[in-house]
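Feature annotations, reproduced from Swiss-Prot:
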type	residues	note
CARBOHYD	Asn15	N-linked glycosylation site
TRANSMEM	40-60	transmembrane segment
TRANSMEM	118-138	transmembrane segment
CARBOHYD	Asn176	N-linked glycosylation site
TRANSMEM	206-226	transmembrane segment
TRANSMEM	243-263	transmembrane segment
TRANSMEM	297-317	transmembrane segment
TRANSMEM	322-342	transmembrane segment
TRANSMEM	344-364	transmembrane segment
TRANSMEM	369-389	transmembrane segment
CARBOHYD	Asn467	N-linked glycosylation site
Amino acid sequence: MEKIRERFKQSKSSNESVRLRKRSSILYSTDDRKLQTLKIFGINITVFIVLVRLLNCVLVQTSFVPDEFWQSLEISHRMVFGYGYETWEWKEGIRGYSYPLLFALMYKLLQLISYDTVYLLVFVPRVFQALLAAYADVKLYKLILQWETPDVAKWTCFCQLCSWFAWFCCSRTLTNTTETALTTLALCFYPLPGSKTHSSWKYLTLVSLAVVIRPTALIVWFPLIFYHFCTDQDKLKLITHRYFPIGVLALGVSTLIDSFFYGKWIFVQWNFLKFNVLHNVGEFYGSHPWHWYWTQGLPVVIGPHLPLVLHGCLLSTRKHTILLLTIIWTTAVYSLLAHKEFRFIYPVLPFCMIFCGLSLAKLQAWRKAAAGALLLFNLCPALYTGLVHQRGALDVMHVLQPLCVSSQSPNPPELLFLMPCHSTPLYSHLHCPLKLRFLECPPDLTGRQDYMDEADVFFSDPLHWLNTSFPLRSTLPSHLVLFDSLQKEISSFLEENSFAKQAEIFHTHFPEGRVGKNILIYSRRSEMKINEGFIL
């Protein structure tokens, strides 16, 4: 009997030990929750990231590419206020209204509360983009926190926040910016090998939103979705319960929005891929050699992180393979297209930062030195490109804005921009119905070999174009806006027609081709002179 009792006690104690092991695992998860509240300079990491991105938004005061205005804010302004310029893409139906609709809702709210000032119309959408980027950064940190070690998560977050290209782009109203944020958020719910936070519904919904906003997001996500399909146990259910309903719903809602605003049934995503991929219309705006992304694109976008990213790739294990393959695949596919831009591969930058985090976490003796060098070498290009390079395109609109006071007068100002097409924003940064004209540059869609757009015709012989376009002084605009590189060539026209320089605004230290160092504003009539306080 005593032996039986002894055995019962031993059994009881062994059961208690099992329960203790379970409690131990709960303690580990509690530690994870504590790690998520990591503090930087005494500030919660989430709050810190938000503050960094808001500061980022304030310290980016330059222009990058025309699309950040002409394919978003300009269209939103037209949707709400009834005036704004539509480029050829909107006339051909290759742009969707889902993205501009987002800013149009903000504009409408500002209009309803009578706060639709130029400053808020420009700044509110950029704050939204900065907050979206901050949310994506926080989610990326939390993904790596549970997928890797806390050290890797911390350094991945550091790499992401100090990336000069992310700093330069994340607060801009570009479809590429939103595509990158949605791609990062989708990755946080993607079934990565060993991940604990995956949700097919969530990641596929975010991917579908990215595709609606920018159809080329499919390029980034094709290998990831294919990998998910190959590794999933129930492929039929994945197709019928995930891929099909989410894809159909997203495309259906997008088609309804686009058809409503276009006034006819239209499938924008197909038109976008047809023009940009199949017909390669983008080549009209410039072409690059096949290796450009490998030799220039990726090295510039990754920037000073490049050595650490390459080191991280060497340290990567099997579970990182799908991310590495996605970077290679995306770069290779975009390399097949003639027209190439840095922003096109922006969505793979967060993937690269994961490998950078792996590298810094592995470095022990050199970690502080590497992190310091990374911060310094990113800070310089981030501040220069954000505050100095190509700032004149925005500053000139600020200088011209006082002319809006006379927009409703019997003899309102008329402005002519003698610059490469879409060099500056338009009505979205003036917010008044002034009569504006600029040199247009739509591509030839008819296949003519001798085609020249209006901008090319003008720059081939500026004086001839001006004299034939304005044979009478009465037809001349009241103001001309041009780069200083054009000034000498049309100086005789300016003198003959009594144009006087009213403002000179710095634009860039690196003038190239038709783009000059400064932007000049000329006026014909003294009563139209711009306040001298605005002259830069």
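Please read every residue number as a count from 1 along the shown chain.
Glycine residues also receive a Cβ, built from the backbone N, Cα and C atoms like all the rest.
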Are there at least 3 C-beta pairs under 8 angstroms linking the transmembrane segment (40-60) and the transmembrane segment (322-342), leaving out pairs fewer than 6 apart in sequence?
no
Counting Cβ pairs under 8 Å to the transmembrane segment (243-263), which of 40-60, 206-226, 369-389 comes out on top?
206-226
Count the CB pairs under 8 A between the transmembrane segment (40-60) and each of 206-226, 297-317, 369-389, then give me the winner.
369-389
